[in-house]
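S.K.: Sharing the feature lines straight out of TrEMBL:
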| type | residues | note |
| --- | --- | --- |
| ACT_SITE | Lys41 | active site, proton acceptor |
| MOD_RES | Lys41 | N6-(pyridoxal phosphate)lysine |
| BINDING | Arg138, Met319 | substrate binding site |
| DOMAIN | 251-380 | domain 'Alanine racemase C-terminal' |
| ACT_SITE | Tyr272 | active site, proton acceptor |
Amino acid sequence: MATSWTAEPERWVTIDHAALAHNVETIARWVKPAQVMAVVKADGYGHGAVEVAKTAVAAGATWIGTAHIREALELREAGITAPLLAWLHTIRTPFRAAIEHNIDIGVSGPEIEMVAEAARAADLPARIHLKIDTGLSRNGAAPEQWDELCKRASELQQTGIVRVVGVFTHFATADDPDGEAAVDEQLAAYHQAVDTARKHGLTVDVRHVANSPALLSRPDTHLDMVRAGVAIYGLSPFAERTPEDLGLRQVMSFGTTVANNKPADEGTGVSYGYAYRCQTPTRLALVPCGYADGVPRIAEGAPVWIDGNYYRVAGRIAMDQFVVDLNTDRDDELTAPVGAPVELFGPKSGLTSDAWALAAGTINYELVTRIGARVPRIHKPWI
Ligand SMILES: *Cc1c(COP(=O)(O)O)cnc(C)c1O
């Protein structure tokens, strides 16, 4: 039973499902007739995998993707019935549970015999998508292993153990305007790999290669389906283009309230190590979020919105809190008082997680996936 102390969160991440639906619809319209797989690995990039998957499907995604089979199983347990694909496995991956729950399995090579064995044990065919490494050098079969993998998959398909549904690959440089030639090379290698699969008698119904940067910048990569991750969350995969430029709306916002506000003298040292000192007599506001909540410790100087005004993080970010120099009169009790709304990013401030990512020397993907477990996600329903 919910108790009163859980009712009003003290810090929160808001998930705007109207924005999420808008992004999925926008992408679906764009890539049509290709289908959209909504990628919800890592708890939906920190947004909540189950909630994101439900809205994405309602808004037009026809597939859901995760990295791990365990992530896909959690979605099945939560009642998600859409086709699901998971592609990163180990010797401990529960392949049999995947087959029994109708989860498609990405196969890069080493796992094909494990998958076949699990299919025999379950007495059900495994639905697989063969993955070719066309140049990212992560998982996927190397080009010289591809013919052998197709041959083995074809044998297993003929005995009814597996059913090859698709062939896929993943790009290394689609986010980089200077990476076009490398994308061309990967795409050419991919098409060759599909030809090889077909020569082995595989039908390859679902050809899929595009991640967000590719689907946004290269229509020739849409094929039968795109795998849309960061873009459905309304984040730009490009350094030089904002979500707005792409017609997308940021889904996550991160807020809290001012926890303390007090006068400080000129020269006052702020937070551990006195990395910041007040240049004038001023007031300091305390924001009760720190690196345990996903505010990167390295992001000194990042922008913060408090009740209509913009400030910067002063000094070190600690585990639970950081300080903002309000640059105001020492006696000013009206600016950013205790309880005033704070936004690190979101629609009130217009700040994006990119600003925090930039201050932290990382990318928006990492920022949103690392929001701490003690920050509740508030889901704002769509419609
Ligand atoms: C994470 C991932 C995606 C989604 O990438 P975005 O850049 O977030 O769109 C697509 N495909 C694979 C194989 C992935 O691992």
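Note: Cβ is positioned from N, Cα and C throughout, glycine not excepted.
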S.K.: Neighbour count first, Cβ atoms within 10 Å, every protein chain included; then name which of Lys41, Arg138 tops the list of recorded positions.
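M.R.: Answer returned by the neighbour count: Lys41.
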S.K.: Measure from the Cβ of Met319 (substrate binding site) and count the other Cβ atoms within 10 Å, all protein chains considered.
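M.R.: A 10 Å sphere around the Cβ of Met319 (substrate binding site) contains 12 other Cβ atoms.
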S.K.: Helix, strand or coil by DSSP: which one applies to Tyr272 (active site, proton acceptor)?
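M.R.: Note: Tyr272 (active site, proton acceptor) is helical by DSSP.
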S.K.: Please give me the CB contact count at 10 A for Tyr272 (active site, proton acceptor), counting all chains in the structure.
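M.R.: Taking all protein chains shown, Tyr272 (active site, proton acceptor) has 11 Cβ neighbours within 10 Å.
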S.K.: How big is the Cα-to-Cα gap, in Å, between Met319 (substrate binding site) and Lys41 (active site, proton acceptor)?
M.R.: 26
S.K.: When DSSP states are grouped into helix, strand and coil, how many residues of the domain 'Alanine racemase C-terminal' (251-380) land in each?
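M.R.: Summed by class, the stretch gives 19 helix, 44 strand, 67 coil.
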S.K.: Between 0 and 100, where does the mean pLDDT of the domain 'Alanine racemase C-terminal' (251-380) sit?
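M.R.: Here the predicted model's pLDDT, averaged over the domain 'Alanine racemase C-terminal' (251-380), is 97.
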S.K.: Under DSSP, is Arg138 (substrate binding site) part of a helix or a strand, or is it coil?
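M.R.: For Arg138 (substrate binding site) - judged by DSSP and reduced to three states - the answer is coil.
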S.K.: Could you state the whole-number distance in Å separating the C-alpha atoms of Arg138 (substrate binding site) and Lys41 (active site, proton acceptor)?
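M.R.: Per the Cα atoms, Arg138 (substrate binding site) and Lys41 (active site, proton acceptor) stand 17 Å apart.
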